[in-house]
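Marked as active site, nucleophile by TrEMBL: 168. Among the features that TrEMBL reports, active site, charge relay system is placed at 342, 375. Residues annotated as domain 'Partial AB-hydrolase lipase' in TrEMBL: 33-92. Sequence annotations record features per position, and here TrEMBL assigns signal peptide to 1-18.
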Ligand SMILES: *[C@@H]1O[C@H](CO)[C@@H](O)[C@H](O)[C@H]1NC(C)=O
């Protein structure tokens, strides 16, 4: 192991353990406030998962352009990525925010929020201030949160199926759901996956390169740290940011944001006007285990369940190595959208997904021609409507 990696691990350990100085941050910028600000109707729906987490979903039932004409609108469900939330889809406003664009195009737009994020920090019996609340990772988002939210949407709307859009971890959890609970294929008409993250051994995220070798070992730190919220300490992040992205002083502020430290800050498509709102809503909170699980993938090259080390694996899974997710068996029409400069979803890893999926369900694999398009540009990149969303919406309409 190289020296910088040792240093990185220590730093990351400090980041993860340090008392969160951001705790209790109460932002006034929320999904509801943003949607209201633009004059669209917004609803909140509360859903309880079968393991007790209480999630808040957001819904734009109709567009302010059309008003509520009582017509039945096709239902679409948007699922955010790691450290993100439903705010992702509305932050860039009616011209570029996917939730608004879909609403204007006639859809009934539902946005999920995974356990642990800003809008989903409640549980029937556990407090988010205590460690047992944080005993989850994206496997649980796939097998508990997505089913609860999707079923609720279908119940509320009286529909039998919906269309799914996921970004990043919202694509990982999609594959968890569809490999673990295959009957959900009947409830998802098509899946539109932005920056799909399944296999990860080629990820280029700086945080993975530094933290992966040690933190991605089976069982490495979970016992030591216990379950905790990944709440990066501001000072530690600033230190890490100044080490990792000293070259781009223009976006120094971003370099102390965990999301950008992982997703990259070097995009020419970043809209500077949006930075204050992005910083106010992200990172939106997750469990440290979600990050460990991704780092395990980076190390192992497998897309499989959490590795607790052979002894605990045997207890939990009845075998020494964690079971893999059977991606080949997924049977939902899938559309992939990916790019060259994506630190999380590298081309090699996306290709592996693309050629593993059953060819009869892969409807599109669109590699953006924009070479500098990065992982977060799939949400907020300048010109995203023309560059990407027009195509996504066409696919949704034709699926
Ligand atoms: C940048 O973001 C602001 C605020 O959301 C928006 O009004 C503006 O249209 C965006 N600019 C571009 C070029 O997308």
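Note that Cβ sites are derived from N, Cα and C of the backbone, with glycine treated the same way.
Bear in mind that TrEMBL entries carry predicted annotations, made automatically and left uncurated.
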Count up the helix, strand and coil residues in the domain 'Partial AB-hydrolase lipase' (33-92) according to DSSP, in that order.
9 helix, 19 strand, 32 coil
For residue 342 (active site, charge relay system), just count the other CB atoms lying within 10 A of its CB, please.
27
Rounded to a whole number, how many Å is the Cα of the residue listed as 'active site, nucleophile' away from the Cα of residue 342 (active site, charge relay system)?
10
Around residue 375 (active site, charge relay system), how many other C-beta atoms are within 10 angstroms of its C-beta?
29
Taking only the Cα atoms, work out how far residue 342 (active site, charge relay system) lies from residue 375 (active site, charge relay system), in Å, as a whole number.
5
